[in-house]
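> Marked as active site, proton acceptor by Swiss-Prot on the basis of a curator's inference: E417. The N-linked glycosylation site annotation in Swiss-Prot covers N133, N262, N347, N361, N489, N584, N602, N609, N655, N811, N850, N889 (among others). Annotation comment: Swiss-Prot describes 48-92 as region 'Disordered'. Residues or ranges marked as site 'Transition state stabilizer' in Swiss-Prot (evidence: similarity to another entry): Y505.
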Amino acid sequence: MGPPSSSGFYVSRAVALLLAALAAALLLALAVLAALYGRCARVQPSDLHHGGVPDAASSPRGTQEEQLPTWPPRPTREPAGTATPGHWRPPGPWDQLRLPPWLVPLHYELELWPRLRPNEFQSPTLSFTGRVNITVRCTAATARLLLHSLFLDCESAEVRGPLSSGPRDGAVGRVPVDDVWFAFDMQYMVLELGATLQPGSRYELQLSFSGLVYRDLREGLFFSIYTDQGERRALLASQMEPTFARSVFPCFDEPALKATFNITIIHHPSYGALSNMPKLGQSEKRDVNGSVWTITTFSTTPHMPTYLVALAICDYDHVSRTERGQEIRIWARKDAIANGNAAFALNITGPIFSFLEDLFNISYPLPKTDIIALPTFDNSAMENWGLLIFDESLLLMQPNDQVTDKKAVISFILSHEIGHQWFGNLVTMNWWNDIWLKEGFASYFEFGVINYFNPKFRRNEVFFSNILHHVLSEDHALVSRAVSLKVENFTETSEINELFDLFTYNKGASLARMLSSFLNENVFISALKSYLKTFSYSTAEQDDLWRHFQMVVDDQSKILLPAPVKSIMDRWTHQSGFPVITLNVSTGAMKQEPFYLGKVKNQTLLTHNDTWIVPILWIKNGITQSLVWLDKSSKIFPEMQVSDSDHDWVILNLNMTGYYRVNYDKVGWKKLKQQLEKDPKAIPVIHRLQMIDDAFSLSKNNYVEIETALDLTKYLAEEDEIIVWYAVLVNLVTKDLVFDVNNYDMYPLLKKYLLKRLISIWNMYSTVIRENVAALQDDYLALVALEKLFETACWLGLEDCLQLSRELFKNWTNHPENEIPYPIKSVVLCYGVAFGSDEEWDFLLNMYSNKTKEEERIQLTYAMSCSKDPWILHRYLEYAVTAAPFTFNETNIMEVVAESEVGRYIVKDFLINNWQAVSERYGTQSLVNLMYIIGRTISTDLQITELQQFFSNMLEEHQKLTVRAKLQTIKNKNLGNKKLNARMTAWLRKNT
């Protein structure tokens, strides 16, 4: 050590000794305090004592011969023994997202006792207790155990073993548990043992615990309040996927760690209990207060992951049927069952099971299937093995649902969840990074199931409408994510929840469809049969799937691929975005490039240099051609050249089965435009749809001129397919255009141009609405597209549309039992209010107050914002913040009002005078959302500054930079739209 510095603080030796003594005393005091406070982080062996926990659940079957050591639970949501981020601990496996591979769970004996009682559900929470015995196999010597636990108070913990291979006897030893603590960041419970577990031996972890059930949280265990037969009632249900099982019971909460489960539920006698398996038996017990509770036990499950564990406690009725010996029951509110609302779902569920059993040649392994309809369920539906959980709006038919897409929606979702019984339940992805293996294939087979039962079902067009259109609009290079991710990319549990998105479901389904298209359906299904059979009751990775496809491809000679299946498909699943395929029809030259939002001229600024191995199915002059492959960045295909003949044209991507967009040179687009104008029916509907959607998307992102897309619309007077019109209108009549008050130059031109072409399709569907609206019942594409057609016709001022709206609205207000046809109800309500007075507005308010279905209330909320009277809108906002009728999020009302032509100015003024009331209830984030809506039309930096100054006193400091950046993005978008609109206006002048 070098000499001391000339500056500093010096003390004598005596003073130094005194300071050292004081420091030691301080450290000792801190150590004592840490030990006392450490009960929140660790439980020492001296703290363990024997004895039962008052009012706690009895031991699971087979463990009642002795009590586990216990310690008092904490009565808070934060678990007893939680090591919070502020507590220091050495680095270790508890800092990793994945469990260490020391233990493999084999079997769970799980008992849960939620304290749900009739007429006692005023509190937002209720308590539950439970016990779980987990039989595990040790794979590596360890004196430390990790398993998942979140928001649970661990009341006792014991490790028994090693277990003998024969029947259980009393000679099983115990492994001392020296310490129990929680690593909150990664949601682990850690057991420090006094001895080492031996590889190859089996042990039993015995844990008792308690926690809280939250009302409407819909994670783990939750309870809901609803109305049935005129009475308020409560039910309890579960949602374990993806990582919420750990908040219900300590477990090894990873999908690969499958085990069998014996589940016991203790519940009030006035309720029934459901779980994955059939009921095995019932008995009774009394709690410390003498109250009687029912103990319901269930049969042993197959091997399954923790995320499929399910239970429900409710006072429901059911309807049932048997399909191939399997009992199928649908449970719902007693009113709903009595009214026959579950009949449609019940009638199609069995046949869907049978179809998939036959398709995969694998029987459904459970003896029963229960499907329960919850009054509200944010996850829409969940495929739990043996107990599927649905939001009732997606399972039950109402009497007024006849002219809606409800039957199709129920069919889609039931097919999806039943498909999971094979993809996900029988064969589970090894980890969440490959979640598309279950969600993508379940989404894909929705369409095969429905097409089987309804051969007239227009599978390609509906797939585009439901799946492809949405994901192609969101997926692009650099920003979006890949379908399959590397496990090491995940660092937090919250990232798993983010995987349930368009890329998992829609892109996953689209890639499965593309794979099927270039292999053919027989090869595709044969490979899936092999995959499902091999990995039944086990787990698989993406490479396992590719291996089975390769095996089937290698066993035949008809399908020849340019590369192994893995090499082809990994490009699509591991890379983000998708390619744009551009064909020069004069030379046959084809190239691929990544699709970007707002392509820039200097492509070197972008770093996405990936290519794909692209299957090109194509047609020439209406005739299907042989499959070719674009397996590098560019390639020449002489067979794709076209002559000067007006009858010579080429379309790539047959039936839109490839996951890419298609561009052509100017000659190629011109040929297609000419064919549309000469004989549009020569081009299949799916390709008229494709050309419109591709051309507008490519024009908005600088791949082609906007005039190229607009040229394709000239033929529309001859277009009688409403789904093609839908593609035109969603691309041409956008929300930005409708709400832009500066579009006065374009509007009259667009009105004249579109009405001239739209009148034919309008007359067709307006006649159906007036004379035989029931005819729409089985036309799914019309039910999907009609609202946009109706909305646009009225926005363009078509008098017949406005008159029909007035007729339907007046008929409904005079006789509310005469329902407005569902597909156009929102539009009719809006125009009824817009052209009405406060009398019509008050009528809707009264209807809102008497509606219980959230979907209907949302429609009415939107319609009431359509008023053009400032005083009515101001009163609406007052009601939203201060009056009783609006029990949902009042900021939604302000947002829908702000989006209206008159309302944006009313909301701005209202916020000046009422921000305190709004901010206290909803915080500044609601203000930020409103700011973006109000700022939708900004186009200068001065407008940004003015808007920020207006809101400056209401924003928190950390939000100001974010908001300015967002407003700058809006400004740039608006400037781009302004330039685009100017070019569209010029084109309309020439062609109107």
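Numbers here mean position along the shown chain, with the first residue as 1.
Note: Cβ is positioned from N, Cα and C throughout, glycine not excepted.
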> Distance check, please: Cα of N655 (N-linked glycosylation site) against Cα of N347 (N-linked glycosylation site), rounded to an integer number of angstrom.
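Spelling it out, the Cα of N655 (N-linked glycosylation site) and the Cα of N347 (N-linked glycosylation site) are 32 Å apart.
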> Translate the DSSP assignment of N347 (N-linked glycosylation site) into the three-state scheme.
helix
> Taking every protein chain shown into account, which of the glycosylation sites N133, N361, N850 has the largest tally of Cβ atoms within 10 Å of its Cβ?
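Its Cβ has the most other Cβ atoms within 10 Å: N133.
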> What's the number of neighbouring CB atoms sitting within 10 A of the CB on N584 (N-linked glycosylation site)?
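Looking across every protein chain shown, the total is 19.
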> Within 10 Å of the Cβ of N262 (N-linked glycosylation site), how many other Cβ atoms can you find? Include all protein chains, please.
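There are 20 such Cβ atoms around N262 (N-linked glycosylation site).
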> If you count the other Cβ atoms within 10 Å of each Cβ, which of the glycosylation sites N489, N655, N811 comes out on top?
N655
> Let me know the DSSP-derived helix, strand or coil state of N850 (N-linked glycosylation site), please.
helix
> Near N347 (N-linked glycosylation site), which residues of its chain come within a Cβ-Cβ distance under 8 Å, counting only those 6 or more away in sequence?
R321
> Counting other Cβ atoms within 10 Å of each residue's Cβ, which of the recorded positions E417, Y505 comes out lowest?
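Among the recorded positions E417, Y505, the lowest count of other Cβ atoms within 10 Å belongs to Y505.
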> Compared by Cα position, which of the recorded positions N361, E417, Y505, N584, N850 is the closest one to N133 (N-linked glycosylation site)?
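Closest by Cα: E417.
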> Restricting the comparison to the recorded positions N361, N489, Y505, N850, which residue's C-alpha is spatially nearest the C-alpha of the residue listed as 'active site, proton acceptor'?
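Spatially nearest to the residue listed as 'active site, proton acceptor' by Cα position is Y505.
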> Can you tell me the CA-to-CA distance separating N584 (N-linked glycosylation site) and Y505 (site 'Transition state stabilizer'), as a whole number of Å?
33
> Quick one: pull the CA-CA distance for N361 (N-linked glycosylation site) versus N489 (N-linked glycosylation site), whole Å only.
37
> Out of the glycosylation sites N262, N489, N811, N850, give me the one sitting nearest to Y505 (site 'Transition state stabilizer') by CA distance.
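Looking at Cα distances from Y505 (site 'Transition state stabilizer'), the smallest one goes to N489.
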